[in-house]
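Quick look at what TrEMBL lists:
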type: ACT_SITE; residues: Tyr56; note: active site, proton donor
type: BINDING; residues: His118; note: substrate binding site
type: DOMAIN; residues: 23-296; note: domain 'NADP-dependent oxidoreductase'
type: SITE; residues: Lys85; note: site 'Lowers pKa of active site Tyr'
Amino acid sequence: FQRIMSSSSAAITLSNGVKMPVIGLGTWQSSPAEVIAAVKASVKAGYRLIDTAAVYQNEEAIGTAIKELIEEGVVKREELFITTKAWTHELAPEKLEGGLRASLEKLQLEYVDLYLAHMPTAFNDDMSQHVASPVEDVWRQFDAVYKTGLAKSVGVSNWNNEQIGRALALGLTPIHNSQVELHLYFPQHEHVDFCKAHNISVTSYATLGSPGRVNFTLPTGQKLDWAPAPSDLEDKNVVALAEKNNKTPAQVLLRYALDRGLAIIPKSVNISRIEENFNVFDFTISQEEIAKLEESKISQRLFLQDFMAGHPEDAFANERK
């Protein structure tokens, strides 16, 4: 992987030739009102990638922000890279194209730049029942929507290596991107190496260790109980490297992922934090410094996606044993 130094032009070339910016705005947990301001601030700060998902329930607001930015002449559509994801009920047989068209309508777009299977598990509409649709059948649907031109690139999220291998074995449209939980305390080296061997780009979510996850509430208002986890941001080696480079611990963790050749989508609705997260192109972290950061040897998945438990395509079944 090349060392990434320039800012808004920094991109990874996907296997289909599409250029994906290496840094984008994550929008999980961003309410519609918050996300309009966040998208506008991020694009004005230099971001060109916006990452959302059907299940985030903010595609409509993001579409409004994009439309206003284009109308104001801040950016052109072709300069933006918009990622959205199909939720579990949209992975059921014959549901994917309808799900993508619904997302496009909300986003007010004719196409998305990247469409991901948010999970490998298909469910019915209210998630009360598993749908035993193997990942091969899910990927056949992604191959079909890619060929319509509604998505310029297609990929997966929260799939394991074996599932990706089964999809690739079909010989259809290749997987262009894998978006996974990846941070200093869950570095995912095996997955990154697997994807690199198959020419699949990798996007890291929760790159900062997702400190905001503890505030997450379900639509019912219920808060989730999160298992205790050490903080990547408080790691002594991260703090020391931040001081050395006159950067924040968050910027060090973001740069750590960039210097491993990954794309990142840090989430924020705070304008100064959005700008801070983008200000990571004036320093690098060497391979020796990466090794020093990884001395902790901590490997702890924060998002086990417990709703997948018992599904025949549960990606993390081996980790639940």
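Placed from the backbone N, Cα and C atoms, the Cβ positions cover glycine too.
Cβ neighbour density within 10 Å is lowest for His118 among the recorded positions Lys85, His118. When Cβ atoms from all protein chains are considered, those within 10 Å of Tyr56 (active site, proton donor) total 22, not counting its own. Calculated from their C-alpha atoms, the gap between the residue listed as 'active site, proton donor' and His118 (substrate binding site) amounts to 11 Å. Here the domain 'NADP-dependent oxidoreductase' (23-296) has a mean pLDDT of 96 out of 100. The residue listed as 'substrate binding site' sits 5 Å from Lys85 (site 'Lowers pKa of active site Tyr'), counting Cα to Cα.
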